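**Q** Have a look at this one.
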Amino acid sequence: MTQRVVSIVGPTASGKTGLGIAIARRLAEAGERAEIVNADAYQMYRGMDIGTAKPTAEEQAVVSHHLIDIIDPEDTMSVARFQQLARETIADLQSRGIRPILVGGSGLYARAAIDDITFPGTDPDVRTRLEEREKTEGAGALFDELRAKDPEAAARMDPRNPRRTIRALEVIELTGKPYSASLPRYRYVIPSVQIGLDLDRPDLDHRIDLRTKQMYDDGFIEEVERLRPHLGATAVRALGYQQIIDLLDGIWDVNDAFADIAQKTKRLARKQMGWFGRDPRIHWLQALNPKLVDNAMAIIAHADAGDYDSIDARADEYTQHHLGDITA
């Protein structure tokens, strides 16, 4: 029996934090230690609490959390850097007999921690040269070049997306290897089990509306006003922060700003469901089911026993043949 990393995924406002804490407490009742590893890209920034729905001090006191409040808003957190930090944290916890519970809505971040994903570097000069070629020769010419150099990658990409074509050619030039060799794989490098939280759209939209109102009540405007001089180019992209900056600048009134936050959060939630829905390894549970925690614990027990190994082993082949471009 292998103790798996538990990864809790799903759209924003679906209740991932609460489920992670509930699972950790249930494991503790059974005599097993568990701690939470954050996989939300923006909860890693200090001071960005209300806008990112960061676990409260009370929640963090119940179960130890890792990779929260680890960088300043002026700094940049890349997915490659997160991958290194997350894997180091997971290895440390496991070495001490503690089960990691990965919690977060950032799909690529959650996968980067446990999946076979590499992140080749970039070169601004190469990127600029390819972008200039796209302007003069056209996207079709660059895609034809990619098809000749890496047919597998070309077959899994949209020729109407020159940004990805340029990135693929950049990686080929920098690494001397096919771009397909660095594409994300639905293949665990750390034994894991993924539990997804699902809600009907009206229920999820209602939760998002309530959360947005709570952000206002909790002082989100004041949080952004305090952080504004320190928000770097990456941190300011967190949903909601730009709307409040525009509010402070008089571009929007309060109602319009928070209405836009709610609308864009709902759009993000649908995008997240599309991202996670591509992964056949995720075990989906109804977030509002009274037996949610019981069902999650049953899935973890089956995973530890190896009952899902054969399905997980075929996941990458399935996605490549049935879902096409897995870099979306």
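A Cβ is built for glycine as well, from the same backbone N, Cα and C atoms used for every other residue.
Since the structure is predicted, the reported quantities are computational estimates derived from the model, not experimental observations.
Feature annotation from Swiss-Prot assigns ATP binding site to G10, P11, T12, A13, S14, G15, K16, T17; the stated evidence is sequence analysis. Residues or ranges marked as substrate binding site in Swiss-Prot: T12, A13, S14, G15, K16, T17. Here Swiss-Prot flags S106, R127 as site 'Interaction with substrate tRNA'.
Looking at the shown structure, what environment does each listed feature sit in?
**A** According to DSSP, A13 (ATP binding site) sits in a coil region rather than a helix or strand.
Around K16 (ATP binding site), taking its Cβ as the centre, 28 other Cβ atoms fall within 10 Å, counting all chains.
Annotation for S106 (site 'Interaction with substrate tRNA'): spatial neighbours A39, D40, A41, Y42, criterion Cβ-Cβ under 8 Å with sequence separation of six or more. In the three-state DSSP scheme, S106 (site 'Interaction with substrate tRNA') falls into the coil class.
R127 (site 'Interaction with substrate tRNA') falls within a helix when secondary structure is assigned with DSSP. The Cβ of R127 (site 'Interaction with substrate tRNA') has 16 other Cβ atoms within 10 Å, all protein chains considered.
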**Q** T17 (ATP binding site) to R127 (site 'Interaction with substrate tRNA'): how many Å between their Cα atoms?
**A** 39
**Q** Excluding T12, A13, S14, G15, K16, T17, please set out which residues of the same chain place their CB within 8 Å of the center of the CB atoms of the substrate site, keeping sequence order.
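**A** For the substrate site, the extra neighbours are G10, P11, G18, A53, G105, L197, R207, A287.
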**Q** Going by a 10 angstroms cut-off between Cβ atoms, which of the binding-site residues P11, G15 has the sparsest surroundings?
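**A** Comparing Cβ neighbours within 10 Å for the binding-site residues P11, G15, G15 has the fewest.
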**Q** Whose Cβ lies within 8 Å of the mean position of the Cβ atoms of G10, P11, T12, A13, S14, G15, K16, T17, the ATP site, other than those residues?
**A** G105, L197, A287
